[in-house]
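Notes follow once the structure below has been shown.
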Amino acid sequence: MKITDWPASERPREKLLARGPEALSDAELLAILLRTGMAGKTVLDVARQLLLEAGSLGRLLSRPVTELVSSPGLGPAKACELAVVAELARRLLAEKLPVADALTSPQAVHDYLRLAYGMRVQEVVLLLCLDARNRLLAVEEVAHGTLTESRVYPREVVKAALRQHAVAVILAHNHPSGDSGPSLADRELTEALGRALALVDVRLLDHLVISRQGCTSFAECGWLPA
């Protein structure tokens, strides 16, 4: 049965118009974007299959366009549309960061980092550079790693902080495994970076560990070096 043969109340687009986008499932929202299905499958079937294979909506939208193109039910046009949606969402959250105080609005920082980096398959280490009023100056990627780890040199972190004239910084990195719990190496790295930054009078305000499951704050857990 085609979606056009369904009762109007069950069709994704009509349901959205009647009840708003929040009433739709991930698959229904995705189906509206995709518009058409494929031989033997409705567009909703295709959307559900894409979500099932990816594991989640976040993982699906984090895939590169070259990978999306090869997914059943997608082609260059639809893959590009999905990539555009993901990028617009990232930019929307990024817009909030320059006007947000990193200390009084931590959720804006967490949301942006989780969307932009939580689904990455490689580890990335970031430095959020702040001024004397804790306003964001810049976000620098200071290290990239393999599927499981990255190598961070304190001198590179210090150079990035000084380059941005930062008074304080927030360190962040993702865990591709999906577990946002910090490792022993993360704890040791935080100690070393805290000491190195203190030598140039830059304060380490937090270290955030990001994953698709959540975000762990060293500051909230009391793990920052004294």
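Note that the numbers count up from 1, one per residue, in the order the chain is shown.
Quick reminder: no glycine exception, Cβ is built from N, Cα and C everywhere.
Here the Cβ of His175 (Zn(2+) binding site) has 23 other Cβ atoms within 10 Å, regardless of which shown protein chain they belong to. Annotation source Swiss-Prot lists Zn(2+) binding site at His173, His175, Asp186, citing sequence analysis.
The average pLDDT computed over the domain 'MPN' (102-224) stands at 87. What Swiss-Prot records for 102-224 is domain 'MPN', and it gives sequence analysis as the kind of evidence.
Long-range Cβ contacts of the motif 'JAMM motif' (173-186) within its own chain (Cβ-Cβ under 8 Å, at least 6 residues beyond either end) map to 113, 117-118, 120-126, 143, 147-150, 152, 207-216, 218, 223. Under the heading motif 'JAMM motif', Swiss-Prot lists 173-186, citing sequence analysis as support.
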